[in-house]
């Protein structure tokens, strides 16, 4: 229910500047994902929004009001931590109710109602009397999310909530978070992850961060189709975009040419480029062919269904029309 | 081949238990002999025996009817309890600051706290005496509480700081987001997690205060304000030349019992792994 605006936000730990001037607007009810490699400052940025870290300079506005010096609990936020951060000596119910019991003027009945409503949403109603240590990792993370829901926040902050879960549980919980966003569609959510799949699947808009600066903000498809730098192009999408530079890129009037594995076709002869197969991966529904053709990293071609190429085969490939990304020497797109 | 191995195995087992028995005898025998002696009466006391031969409660009734021993016992309970409460309260709050609040000179302050505990009691005795006279608490239990707290705090603060530093920072941050003040964090989130450390340091502080002799002797002057260790040392017999061993032993046993009981009670409360489940791991 809150819009958030960051104006030239900077954060320094001693002499080290981690956030180097971020301008960003998060709209009301939006699901915004911060994504970037480790050390890019995405978690720090989230902690600045939460109020757990102080802002070195710049302005942070919630609904147009400056909140720079407002305590976390007064900002109307709730946070889900990577390590769950449940209170180990309290039952699930007490964990979820703790924040409400600290607020004056919330009656016991009201607290019980809100905890039970949150527990129902997450299907943890039958665990309310248990201690965190009696729960599995996935259940613990759900309790942590439930604790955040109970507080009825205007802004929901997630700090890599899925990275401690195993692969199957991660997908299930991801879907649950997406459902949560649909149900609570007037709550602004900010989600930090280093996993671009989570970013693509959950986000209304993604904010790609690099070295303490915003690299690009946009919807998942905008980032996928029109990345505004080599960095974003390489970060969004799986498998990673192929970059071809030097002489092979010259015919396209670019320093570097980027082409995604799914936008390359294998042609019987001729073609734009050719390379030697060094490895193949069959995943059933699709398959990847890795080609050695003098680039820094092997070129990956994604094919529908299985394939029968063998290492050592020479194949000819062509990019699909209009799917090529051209970049200049500075890594910026040529339009 | 097999036989020699078995022999060696048996020999090792025997040696192990021999060492165990030796250690137990050496550590328990003095107390055992004190109990034994406390139940003897009259001239029996001077006859050496290692098994109970006579059994009488004379010494125990004598202790309680003589002078101000019950009063001394109460003094000891009061002084030790208040010391523990004061020390734990100050140590927990100090430990929170030292482990969780970033400020200039924190490491130096911790070293100073540790350094304070290196002074021998006798070195500060005279100075402390002046302070206590100045504060006007000479010959009151507060003189002892004051000095014991000073001597207990460095250790207590140090242990609790180390323990609190190991508590996951995310739990504290979750509490901050939930709107908890530092006081609420300490009392409702950290204290329940710190039971093992609190019990251990509290118990050690209690034992220290309970057994302390030098300060108790120096800072009190009347029978009614003394604590038990001093009272026992000053127990006198019928004449100048008689040392009332039986009564001394009975008193010693009485003083030891509360400590044993305390340890037995709290030993069950020391539950390790209390933080399990709160955070990943």
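Cβ atoms are placed via backbone N, Cα and C, with glycine included.
In TrEMBL, annotation is done automatically, which means it is predicted and not curated.
Here the structure is a predicted model, which means the values were calculated and not measured.
Of all ranges given (B:108-129, B:218-239), TrEMBL attaches the label transmembrane segment to B:108-129. Pairs of Cβ atoms less than 8 Å apart link the transmembrane segment (B:193-210) most often to B:73-96, out of B:14-35, B:73-96, B:108-129, B:141-160, B:243-266. As a quick check, the transmembrane segment (B:243-266) and the transmembrane segment (B:108-129) miss the bar of 3 or more Cβ pairs under 8 A, pairs 6 or more apart, so the two do not touch. By the count of Cβ pairs under 8 Å, the stretch nearest in packing to the transmembrane segment (B:141-160) among B:14-35, B:73-96, B:108-129 is B:73-96.
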